[in-house]
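Each remark here refers to the structure printed beneath this line.
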């Protein structure tokens with residue numbers, strides 16, 4: 001029986017980078033007889049333009065029916081002034097919540113070929129391989145009540161809510177421990193337990209879960225210190241588990257240790273490892289349509305999809321090896337270019353990965 005993959009290119013550079021990822025996926029599909037069937041739909045600003053909402057009900061139904069979703073990026077200045085509840089980003093939040101995608105895996109890996117592209121000295125980041133496990137459907141991004149009210153003195157005051165239940169914390173903690181168990185057996189839980197009640201519960205529950213993983217070394221770190229340590233000595237970390245907002249911020253910080261956020265894929269998984277896969281970067285509307293965006297994060301998201309949702313290790317490894325070979329050839333998009341390398345565009349980079357994969 002064929003497996004259904006829903007393709008959601010999104011906005012900005014999304015369609016450009018997705019076109020290259022789809023080429024790689026289609027080749028892998030043929031080369032390894034994966035049995036995938038691909039279908040396409042719209043999300044974000046593209047969905048607003050077509051349906052008037054950032055995620056149409058029929059698109060959500062197709063996502064539920066699919067075995068995995070591959071997404072580009074959403075958002076752009078075109079939709080910045082519309083009502084907040086129907087902005088492109090709300091479509092992304094909704095599909096995550098409705099599909100139960102509570103576990104976000106964001107690797108930060110420095111390819112040896114890109115050591116000079118990192119913002120830190122090579123000796124600080126050489127060999128970097130961190131996995132950030134971010135809780136994705138709870139916390140302040142979804143908490144209620146939220147809003148803006150007028151105080152007695154006429155001044156406006158805005159407020160948000162940061163709730164976490166024991167079950168929400170427990171399930172993401174288990175993802176963190178499971179990932180640490182198959183990696184370096186070190187897990188750092190990041191919170192703000194010296195200030196936030198939600199973080200105090202977070203730390204308590206993580207400690208409880210740790211009893212089931214005696215082979216994994218658990219440490220705790222306040223988020224402000226973690227942000228500093230990621231720059232000071234990033235290789236002390238193996239797996240980091242943290243809440244929605246902290247994970248959002250720390251994973252973007254970690255991305256720049258690798259040279260470019262354009263290199264980093266991500267996976268968002270439900271309890272059964274059904275997932276949505278997307279690059280960590282945004283829609284980059286400032287370069288959309290210019291053919292210069294880096295498609296490698298989206299291509300590597302395909303690899304993550306094969307690995308985590310379908311357990312297709314051989315095909316996943318091959319795509320990652322193809323990307324590494326292209327970097328060995330000195331091909332670079334502008335965001336990772338350095339002297340002595342060859343600058344290429346989006347399509348050229350995608351074609352190079354396809355050629356490398358075909359020749360493996």
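Cβ atoms here come from the backbone N, Cα and C positions, even for glycine.
Remember, predicted model here, so these are calculated numbers, not experimental data.
Per Swiss-Prot, the features are:
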type	residues	note
BINDING	76-89, 282-294	NAD(+) binding site
BINDING	96, 106, 134, 224	substrate binding site
BINDING	224, 248, 252	Mg(2+) binding site
SITE	141	site 'Important for catalysis'
SITE	192	site 'Important for catalysis'
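Location within the structure of each feature annotated in Swiss-Prot.
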{"residue": "76", "record": "NAD(+) binding site", "contacts (Cβ under 8 Å, 6+ apart)": "11, 12, 45, 88, 283, 285, 288"}
{"residue": "80", "record": "NAD(+) binding site", "contacts (Cβ under 8 Å, 6+ apart)": "87"}
{"residue": "96", "record": "substrate binding site", "contacts (Cβ under 8 Å, 6+ apart)": "136, 137, 268, 276"}
{"residue": "141", "record": "site 'Important for catalysis'", "contacts (Cβ under 8 Å, 6+ apart)": "93, 244, 245"}
{"residue": "192", "record": "site 'Important for catalysis'", "contacts (Cβ under 8 Å, 6+ apart)": "199, 222, 223, 224, 246"}
{"residue": "248", "record": "Mg(2+) binding site", "contacts (Cβ under 8 Å, 6+ apart)": "134"}
{"residue": "252", "record": "Mg(2+) binding site", "contacts (Cβ under 8 Å, 6+ apart)": "261, 280"}
{"residue": "284", "record": "NAD(+) binding site", "contacts (Cβ under 8 Å, 6+ apart)": "12, 13, 73, 293"}
{"residue": "292", "record": "NAD(+) binding site", "contacts (Cβ under 8 Å, 6+ apart)": "333, 334, 345, 346"}
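Of all the binding-site residues listed (84, 106, 134), 134 sits in the most crowded Cβ setting, with the most other Cβ atoms within 10 Å. Of all Cβ atoms in the shown protein chains, 18 besides its own fall within 10 Å of the Cβ of residue 288 (NAD(+) binding site). Annotation: 88 carries the greatest number of neighbouring Cβ atoms among the binding-site residues 88, 224 [cut-off 10 Å, Cβ to Cβ].
Across the structure, residue 106 (substrate binding site) and residue 84 (NAD(+) binding site) place their CA atoms 27 angstrom apart.
Highlighted in sequence order, 223, 227, 245, 246, 247, 249, 250, 251, 253 have their Cβ within 8 Å of the centre of the Cβ atoms of 224, 248, 252, the residues recorded for Mg(2+), and are not part of that set.
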